[in-house]
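Notes to accompany the following structure.
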Amino acid sequence: MLGIESSCDETGVGIVRGTTLLTNTVSSSMDEHVRFGGVIPEIASRAHLDAFVPTLQESLQEAGVTLEDIDAIAVTSGPGLAGALMVGVCAAKALAVATGKPLYAINHLVAHVGVGLLDGNRVSEGKHDAVAAAGLGAGKLPENLGALLVSGGHTEILRIRSITDDVELLGSTIDDAAGEAYDKVARILGLGYPGGPAIDKLAHQGNPKSIRFPRGLTQPKYMGTAEEKGPHRYDWSFSGLKTAVARCVEQFEARGEEVPVADIAAAFQEAVVDVISSKAVLACKEHGITDVLLGGGVAANSRLRELTGQRCASAGITLHVPPLGLCTDNGAMVAALGAQLIMAGISPSGVSFAPDSSMPVTTVSVPA
């Protein structure tokens with residue numbers, strides 16, 4: 001199975017055989033977006049056009065296969081940037097028509113879960129934080145599985161009953177995604193782009209307790225109770241937090257004081273990680289979820305991995321974290337989900353579908 005990913009600024013091509021990863025080749029256009037402080041859709045789309053053929057050729061060479069050896073093709077058809085998605089979808093359709101291979105249009109977010117099925121892709125985060133080094137892989141998911149996806153475009157908690165046709169959205173951000181908030185706060189603090197790694201690194205030098213930033217949607221009117229759930233019990237909001245950081249910086253500057261950038265970075269990060277991990281664990285406990293997969297680019301954040309692992313362990317939940325190279329956007333995760341669709345007997349999507357930038361997570365693959 002060959003997988004193609006182009007939903008944002010990474011051009012990814014991955015090849016799997018069943019649940020065995022053969023190759024995962026990624027070309028990122030991140031450097032082209034740095035001076036703008038964020039991803040520019042037009043630049044990302046043009047970068048995909050330039051990178052696709054070399055990335056495909058490199059992937060086939062590393063896997064030691066040809067297009068004739070490929071049984072089927074899977075491509076991310078949403079959600080994501082419309083122009084970026086279009087490049088990958090058009091490339092996949094061209095390959096499918098030229099080779100006569102079946103084509104599967106799959107959901108980018110569910111693919112982040114599918115990557116957990118690849119053999120030998122687990123890592124352990126220390127000794128006591130319940131990050132599993134086993135339990136996924138070999139094409140079998142735990143019976144009561146959830147997924148916490150945290151990236152620049154998405155922050156969601158999912159319940160996975162079947163990776164191929166039964167995915168439920170339990171909670172999501174109602175405004176900015178966590179990764180987007182990191183980028184915007186990094187810009188406020190003058191740390192550059194991408195903001196996630198910069199804030200994570202600087203936060204180690206600061207005191208997270210020096211400033212108390214708000215945790216969005218945690219008031220009783222939003223949370224409710226286990227018996228009578230509030231309207232946003234498992235949802236997140238980061239726009240107010242971003243505004244609070246901006247006002248904090250303005251207050252220091254208005255008083256003519258030096259802005260404690262490291263302390264603000266640490267306090268901001270603690271606010272984000274605190275509310276993400278607490279709500280995710282709450283959703284898991286109240287839905288009988290015993291295993292949760294952490295994915296998305298922000299899964300690289302050291303404090304998110306640490307605190308989520310600690311809280312999962314305290315709740316008796318096993319946290320699974322793929323290697324960082326498979327947490328971010330890549331073609332291997334698309335191929336992994338595509339392979340599962342074939343093994344489940346799901347029909348291909350054909351070539352008449354269109355990319356869907358707002359594709360709901362409940363749509364695992366596009367029917368013909």
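Even glycines carry a Cβ here, placed using N, Cα and C.
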From candidates Asn24, Asn107, Asn301, Swiss-Prot puts in the same substrate site as Leu149, Val150, Ser151, Gly152, Gly153, Asp183, Gly196, Asp200 the residue Asn301
Note: in the chain of Asp329 (Fe cation binding site), residues six or more apart in sequence with C-beta under 8 angstroms of its C-beta are Glu5, Ser7, Cys8, Glu10, Gly12, Val26, His108, Ser151, Gly297
According to DSSP, Gly153 (substrate binding site) sits in coil
Within 10 angstroms of the C-beta of Gly153 (substrate binding site), the count of other C-beta atoms across all shown chains comes to 22
What remains of the binding-site residues Leu149, Gly153, Asn301 once a 10 Å Cα-Cα cut-off to His112 (Fe cation binding site) is applied is Leu149
Counting every protein chain shown, other Cβ atoms within 10 Å of the Cβ of Ser151 (substrate binding site) number 24
CB contacts under 8 angstroms to Leu149 (substrate binding site), restricted to the same chain and 6+ apart in sequence, sorted by sequence, are Leu109, His112, Val113, Thr155, Glu156, Ile157, Leu158, Gly295, Gly296
Other C-beta atoms within 10 angstroms of the C-beta of Asn301 (substrate binding site) total 26
